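Below you'll find the structure, written out as structure tokens, and then a few comments.
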Amino acid sequence: MAKIIGLTGGIGSGKTTIANYFAEMGVPLYIADDEARKVMQSESILQQIRTAFGDSFFENNVLNRAKLAEIVFNDAEKLAALNAIVHPAVKEDFELWLLKNEKYQYVIYEAAILFESGRYKDCDVIVTITAPEELRIERVIKRDKTTREQVLSRMKMQWNDEKRISLSNFVINNSNLKIAKEEVVKILKILNIKQNQS
């Protein structure tokens, strides 16, 4: 069975960019947030969301994700309620994916809330991606076309870097992508992962 590298970092740290670089180097990649979006399109999950949050988050039977995000990222209880619906389905999906990739030495499980969700306990190795807060805020405003206040409220819902780092095996500062990629190569060597395995 493949060992799991949990890869995480705060919003805007560039964790997906780094995760994709691991994938380019031959380590299979599972992006939990992407799978969560897919899971949230299933009828049973949508029904659970409707039951928990009400009809006001649906327009023509389609979930208004932006409206839901605005509520959950400003209310820890509501965020926990949404996570309780989505996370078990993502966990099940990941376990099936892991079986399909069992021939690999390591796989990457990339998740924004690896620690907050408790999923870090299932990982053999943890890599945290960091970047200065102002740079992270700029990245998210540009990427998500959002406001500084919205980014800060989402940051408040996540662990801070200090807390993440205390439970991590490796830390990559992603202020400079070239240097961050060099750190990925070092980690591959330390873990004795053959690059571009197939």
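For all residues, glycine too, the Cβ spot is worked out from N, Cα and C.
Database features (TrEMBL):
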BINDING   Gly12, Ser13, Gly14, Lys15, Thr16, Thr17  ATP binding site
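For the binding-site residues shown (Ser13, Thr16, Thr17), fewest C-beta neighbours within 10 angstroms: Thr17. In this structure, Thr16 (ATP binding site) is part of a helix by DSSP. Excluding Gly12, Ser13, Gly14, Lys15, Thr16, Thr17 themselves, the residues of that chain whose CB lies within 8 A of the CB mean position for the ATP site are, in sequence, Gly9, Ile18, Ile129, Ala131, Arg139, Asn174. Packing around Lys15 (ATP binding site) is summarised by its Cβ count: 26 other Cβ atoms lie within 10 angstroms of its Cβ, all protein chains included. With a 10 A radius on its CB, Gly14 (ATP binding site) counts 23 other CB atoms from all the protein chains.
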